[in-house]
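> Here's the feature list from Swiss-Prot:
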- LYS16: active site (ACT_SITE)
- PRO99, MET100, GLY101, ALA102, GLY103, LEU104, GLY105, GLY106, GLY107, SER108, SER109: ATP binding site (BINDING)
- ASP141: active site (ACT_SITE)
Amino acid sequence: MTDSTRSLRNCLAPAKLNLFLHITGRRPNGYHDLQSVFQLLNWGDTLHFTLRDDGRVARATDVPGVPEESDLVVRAANLLKAHTGTVAGVDIEIDKCLPMGAGLGGGSSDAATTLLALNRLWQLDLSRAELQSLAVKLGADVPFFVFGKNAFAEGIGEELAEVQLPTRWFLVVTPRVHVPTAEIFSDELLTRDTKPVTIADFLARRNSDAGWPDSFGRNDMQQVVTSKYAEVAQVVKWLYNVTPSRMTGSGASVFAVFRSRHEAEAVKANLPTGWNGAVAESLNEHPLFAFAS
């Protein structure tokens, strides 16, 4: 990342994985109570921010299928501007790397990186807690990325407690299909009564490391997604025959964990033609963590 008084370049918006994802209830407003552990990855979209003197917020690059006015990045910048009353403006460039509809948190991470970067570029000095209170207005996953640490998540995903996770390498395989999150959450077959667990339960099992990630919990959405999307089912079956694996979020991406990059790359090299695989190392902290206190 490069930093100047007029711009912030090469700001990473890291992907996340759900190491497990349990749906424990449904609220009257339609939101779901969940439990999960969010893992940051050193892989994601890259954003660039340049000050404007006319006060406008503008997206300087096109994102196919995402109109500028509905882009979470633009919404995040405008929300921050309205909250603080700053007269500053910004041009935002987005180098998309993460596939959309993949369960990797791409749009949410872009929004969080925008909040953190503009907190620095616009010299706002908002606290992390204040940024998180804005982030929840943009989506359930956005507060996690502002939180900036690997976390045990509860509520709708906004109740976060830091967890220390071992350094690992991940292979993330994404079939060529977009899975709408709302469609999966509304499916009548989705399990919504999984028994709550504790952070101690997860840490005890994780530390044993036997067969991780599938040694603890499950992804309650995986069965619904694989029943509706054959492409995801094919990836799950193929990868699980090689190593323990699991779908992240509402899909479509499926991941496996390895102790070394070499092991992950070896499996990636054997992926069927046409499948998109990425190898990434775990992160313990968001690259822009220091941009809020």
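Even glycines carry a Cβ here, placed using N, Cα and C.
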> I'd like to know which of the binding-site residues GLY101, GLY103, GLY107 has the most other Cβ atoms within 10 Å of its Cβ.
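Highest number of other Cβ atoms within 10 Å: GLY103.
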> Please list, in sequence order, every residue of the chain apart from PRO99, MET100, GLY101, ALA102, GLY103, LEU104, GLY105, GLY106, GLY107, SER108, SER109 whose Cβ lies within 8 Å of the Cβ centroid of the ATP site.
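Other same-chain residues near the ATP site: ALA15, LEU98, GLY249.
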> With H, G and I counted as helix, E and B as strand and the rest as coil, say where DSSP puts SER109 (ATP binding site).
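The three-state answer is helix.
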